[in-house]
There are 2 protein chains.
Amino acid sequence: MALRSEQDFLTLIDRYFPPSGSPAGRQADLVRPEHVLLGRGDDCAVLRCPGQICMSADLFLEDVHFRRSYFLPEDVGYKALAVNVSDISAMGSRPLGFCLQLFGPSDVPQDWWEGLFAGMAGLADSLHLPLVGGDLSRGPNIGLALTVWGEAVEDGRFLSRQTARPGDHLFLVGEVGLARVGLMALENAGRQACRDLPRATSAHLRPVLHVEQAMHLGKLDFVRGLMDVSDGLAMDLPRFLPSGLGADLDPQAVDIDPEVVDYATRLSEDPLLFALAGGEDYALLGVAAPEASGELTRAVPDARVIGRVVERPGLFLAGRPAQIAGFDHFTG
Amino acid sequence: MALRSEQDFLTLIDRYFPPSGSPAGRQADLVRPEHVLLGRGDDCAVLRCPGQICMSADLFLEDVHFRRSYFLPEDVGYKALAVNVSDISAMGSRPLGFCLQLFGPSDVPQDWWEGLFAGMAGLADSLHLPLVGGDLSRGPNIGLALTVWGEAVEDGRFLSRQTARPGDHLFLVGEVGLARVGLMALENAGRQACRDLPRATSAHLRPVLHVEQAMHLGKLDFVRGLMDVSDGLAMDLPRFLPSGLGADLDPQAVDIDPEVVDYATRLSEDPLLFALAGGEDYALLGVAAPEASGELTRAVPDARVIGRVVERPGLFLAGRPAQIAGFDHFTG
């Protein structure tokens with residue numbers, strides 16, 4: 001049964017995201033009570049804020065960012081929130097709350113919407129993240145527009161881009177290349193790709209977040225900068241480094257999942273170059289003072305140093321230039 | 001010429017919304033420098049915040065909220081931002097900044113996008129409102145998802161709904177009914193309706209905001225509550241009043257534009273009932289302590305008392321029940 005009215009939708013949303021302040025609400029003990037002063041249902045939400053917040057807003061649109069043919073509705077709800085939270089983690093920050101603007105055609109069955117809300121609420125609950133407001137509308141296909149905000153873990157300390165210095169160590173938290181394999185396999189074979197390539201398809205459908213690691217990195221003063229790798233490491237590195245600087249990666253240091261190795265090899269492509277072209281990895285890419293590498297990996301064991309910042313612009317592998325095409329949601 | 005890449009779009013957006021901090025930026029002297037600490041171009045924006053903010057997020061979608069056949073692109077850009085800012089005014093608050101998520105098909109010409117940004121930037125500049133971030137994507141038709149936030153004019157004072165008491169005076173800032181006439185005429189006759197019904201069509205295409213009046217109302221302690229009338233006064237009144245209470249309106253006190261009177265009369269409808277059914281009025285509806293009516297209209301001359309809160313649920317006209325259908329973007 002499709003949902004007929006805005007009120008049907010609001011009732012369903014309240015079931016999965018109980019209004020803040022509601023004593024019986026599933027989120028009631030999770031939400032830090034001081035943040036949401038007035039929740040959904042008025043013209044605005046009212047939030048109690050720390051002195052500084054970071055904020056990001058990402059679209060998640062059918063047939064651009066996901067397909068209903070191989071995304072479960074739970075995956076759509078999960079991933080739409082995850083890719084937004086990843087931007088908060090990319091600042092080394094703690095997520096605080098989010099807004100959801102949602103639209104779709106009238107023939108989408110209620111079960112599908114329930115799956116979407118269940119997938120999103122599962123992630124939101126695990127992060128203690130309240131849904132504070134948003135909007136609903138009919139539309140020609142399904143789309144989600146989320147806005148997420150967060151706070152610095154240490155006062156005023158947000159890890160930005162363009163902060164690297166020559167000689168700094170580059171590090172990664174998370175995998176690169178796996179989500180690209182997942183996307184290609186799902187586009188080719190649909191949902192049955194999940195059996196053959198469980199890790200790659202999961203990396204595309206339900207990217208792993210690094211929320212705790214990011215908050216840890218936000219406290220380390222030798223970590224100079226951070227971003228999330230959403231368009232592939234090769235395309236994102238030049239956005240991360242100040243102009244004039246480049247990256248020299250150690251080919252042995254970049255972990256490549258066996259599913260990526262197999263898939264790239266079957267395509268007669270070099271697995272490392274394939275992984276660096278990536279796309280939708282949602283790994284964290286960081287830069288740290290070189291003398292602190294040992295301390296970094298002790299403090300955040302998932303962080304792996306993959307190379308260093310050099311004074312030549314470009315991407316190098318053990319000193320030799322690498323040319324790899326990236327990934328662009330806009331033209332892609 | 002259509003825009004080919006995300007970078008083309010970002011360049012165009014930077015032209016209309018110069019990045020905060022840029023000394024040559026058109027907005028540079030308008031944006032209060034303390035709010036935006038890190039603008040567009042990183043994973044998140046970083047904002048310096050007052051202790052409390054209010055926030056709202058509204059969709060503005062082609063063929064749901066606007067049609068390209070009779071909206072100029074400048075109107076689309078203006079109205080998408082205006083309807084969002086109206087929610088900040090509905091709290092009696094001062095708008096501080098906004099995010100824009102934008103999508104559309106690849107065959108929309110660059111001129112059209114420039115018109116949209118020009119219309120939006122014109123309003124944003126007049127309100128000193130920085131565009132701090134967002135997202136871009138291809139999509140099957142044009143859509144905008146905005147998130148806007150604001151601050152209380154007096155510390156912690158946000159005017160919410162559900163605050164009226166029996167005997168309170170109801171007041172309006174702005175027109176009701178005019179935008180509904182504009183929508184109907186534009187749907188019937190397209191852009192040429194603008195000649196016959198200039199005020200009604202303008203009310204639909206470029207709703208007048210009441211930002212200054214709202215900030216004034218936010219300071220008046222006898223103003224108990226406020227909302228913006230977006231779905232018609234008849235549908236929004238029950239959302240505004242605490243359950244168990246109703247509204248008794250004075251039919252003489254509700255200003256009805258002659259364009260509404262003419263249009264309703266030609267449809268053999270009662271002009272007042274037609275105006276109360278409204279839709280997309282973006283007037284402000286408020287409630288004030290009855291003893292302060294004189295003070296209210298001296299402080300905010302645009303505020304007109306239109307009736308009072310009564311202890312019977314429902315909508316009454318000079319004591320007699322009125323039944324009027326409202327307006328729902330979701331099913332409409």
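All positions are counted from 1 along the displayed chain.
Cβ coordinates are placed from backbone N, Cα and C, and glycine is handled just like the others.
From a predicted model like this one, the values you see are computed outputs, not experimental measurements.
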Among B:ASP8, B:ASP87, B:ASP107, B:ASP111, TrEMBL assigns to the Mg(2+) 4 site of B:ASP43, B:SER56 just B:ASP87
Neighbour count check, CB within 10 A, over binding-site residues B:SER56, B:SER230; minimum at B:SER230
Cα of B:GLU280 (substrate binding site) to Cα of B:SER230 (ATP binding site), in Å and rounded, measures 4
Here the binding-site residues are B:ASP43, B:SER56, B:HIS65, B:ASP228, and the Cα closest to that of B:ARG161 (ATP binding site) is found at B:ASP228
By a three-class reduction of DSSP, B:ASP43 (Mg(2+) 3 binding site) is assigned coil
The correct subset of the binding-site residues B:SER230, B:ASP231, B:GLU280 with a Cβ closer than 8 Å to some chain A Cβ is none
Rounded Cα distance in angstrom between B:SER230 (ATP binding site) and B:ASP58 (Mg(2+) 1 binding site) is 12
By Cα geometry, the one of the binding-site residues (B:ASP43, B:HIS65, B:ASP87, B:ASP135) nearest B:SER56 (Mg(2+) 4 binding site) is B:ASP87
The rounded CA-CA distance in Å from B:ASP43 (Mg(2+) 3 binding site) to B:ASP135 (Mg(2+) 1 binding site) is 11
